[in-house]
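Take a look at the structure below.
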Amino acid sequence: MSPQTETKASVGFKAGVKEYKLTYYTPEYETKDTDILAAFRVTPQPGVPPEEAGAAVAAESSTGTWTTVWTDGLTSLDRYKGRCYHIEPVPGEETQFIAYVAYPLDLFEEGSVTNMFTSIVGNVFGFKALAALRLEDLRIPPAYTKTFQGPPHGIQVERDKLNKYGRPLLGCTIKPKLGLSAKNYGRAVYECLRGGLDFTKDDENVNSQPFMRWRDRFLFCAEAIYKSQAETGEIKGHYLNATAGTCEEMIKRAVFARELGVPIVMHDYLTGGFTANTSLAHYCRDNGLLLHIHRAMHAVIDRQKNHGMHFRVLAKALRLSGGDHIHAGTVVGKLEGDRESTLGFVDLLRDDYVEKDRSRGIFFTQDWVSLPGVLPVASGGIHVWHMPALTEIFGDDSVLHFGGGTLGHPWGNAPGAVANRVALEACVQARNEGRDLAVEGNEIVREACKWSPELAAACEVWKEIRFNFPTIDKLDGQ
């Protein structure tokens, strides 16, 4: 044995590999109010015990690595390590388990969603001992939440800016999403806004392409906003997509939007990235701009039930990073969305305090303390016949977006907007009168058709449209 080896042995360092569960599985651990808690759906490889799999997740997403290292002795693992403190089987799934992991707050940089995700989900999802892994939920403690600005303005400030109360807001995505010139695009915006919508929207992939450069689009949309406001007496907006290839270019576009005096800009927060999104949210708060968030790419991450990350986690991350609106599915339209699960993360977006409720997929009680709420946006394959259900499901604090359901009207954009506004006002009035939208919804819409030919035409066009496909990402036990 060499002198160096003898020296290392004499200080008690023992090289080699040991089971993760010996260090990182701690069922006796009592979680702290300052811990970030995570619920992982773990599918171990055959032969790997769930305790070892859960401990491996805790280790590889905090202080651990595959072998013992001598530098472990230079820090306090007991202070900094993640701990798998509970494991439970998933009902109806023999090979899946929910592993609960607690992370000490000191592992994370203040005010950084980027760092939080890099730690918790950055590396462990490719671990060979796991056949699949999904992050189902996070508990963000108030001590960490308070390090974030969150949404630039929040629900109440937005309503005050727009002077609109007592009903959902109405929007429309301009179609076709790609190919229009800036002038024709602005014309479509104007027709929709003058017809009664509160907002129109750039689609997620409208940035600055050869057929329509961003500056031209911003100018023509601003003209449409001001003209429709003058005609209707209502405050209007268009979500000008500031998403760009660099953060500097993104902020430049937001600056130009502010100079035009428009009320709101937009960002694709997953493809753009959390660092860019947080920077834009800070700019929007400092400069009085509302911020609409599109979740493009989310289904790549959240759609499969056994691997990836549930959208409720992405929704919480957005509330931390900052956004005044975010797309949240429809339940009734063309996009994936279980009703109870959707209502669960809608609560997490809007409410100040949300209790644990496994029937809605909420694994932890979440206290947002003073962080403003986010308006959920229902968008994707919806039309006037969906209005009663959308009003009943999402309530007043929401934005209902009818893209094809506005521009697909046989008489044009403005009549399509009129049809949606009339249907919404009829549903809100009926609800306020005590009528049950879930039971009487179709009858309420038919009654409104008697005094709105635009709505009658829309109802005729879309009376047979259905999107009857089973939900893939169902809650456990369904």
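In case you wondered, yes, glycine gets a Cβ from its N, Cα and C as well.
For reference, Swiss-Prot has these:
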{"type": "ACT_SITE", "residues": "Lys175", "note": "active site, proton acceptor"}
{"type": "ACT_SITE", "residues": "His294", "note": "active site, proton acceptor"}
{"type": "BINDING", "residues": "Asn123, Thr173, Lys177, Arg295, His327, Ser379", "note": "substrate binding site"}
{"type": "BINDING", "residues": "Lys201, Asp203, Glu204", "note": "Mg(2+) binding site"}
{"type": "MOD_RES", "residues": "Lys201", "note": "N6-carboxylysine"}
{"type": "MOD_RES", "residues": "Ser208", "note": "phosphoserine"}
{"type": "MOD_RES", "residues": "Thr330", "note": "phosphothreonine"}
{"type": "SITE", "residues": "Lys334", "note": "site 'Transition state stabilizer'"}
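Those residues of the chain, other than Lys201, Asp203, Glu204, with a C-beta within 8 angstroms of the mean position of the Mg(2+) site C-beta atoms are Thr173, Ile174, Lys177, Asp202, Asn205, Val206, Tyr239, Asn241, Met266, His294.
When the Cα of Arg295 (substrate binding site) is compared against those of the recorded positions Lys175, Glu204, Ser208, the shortest separation belongs to Glu204. It is Asn123, among the recorded positions Asn123, Thr173, Ser208, whose Cβ has the fewest other Cβ atoms within 10 Å in the structure shown.
Non-local contacts of Lys201 (Mg(2+) binding site) by the CB criterion (under 8 A, 6+ apart in sequence, same chain) comprise Gly171, Cys172, Thr173, Ile174, His238, Tyr239, Met266, His292, His401, Gly403. Per-site Cβ counts within 10 Å over the recorded positions Lys177, His294, His327 peak at His294. Cβ contacts within 10 Å of the residue listed as 'phosphothreonine', excluding its own Cβ and spanning all protein chains shown: 26. Site extent for substrate: the farthest pair of Cα atoms among Asn123, Thr173, Lys177, Arg295, His327, Ser379 sits 36 Å apart. Note: the Cα of His327 (substrate binding site) and the Cα of His294 (active site, proton acceptor) are spaced 6 Å from each other.
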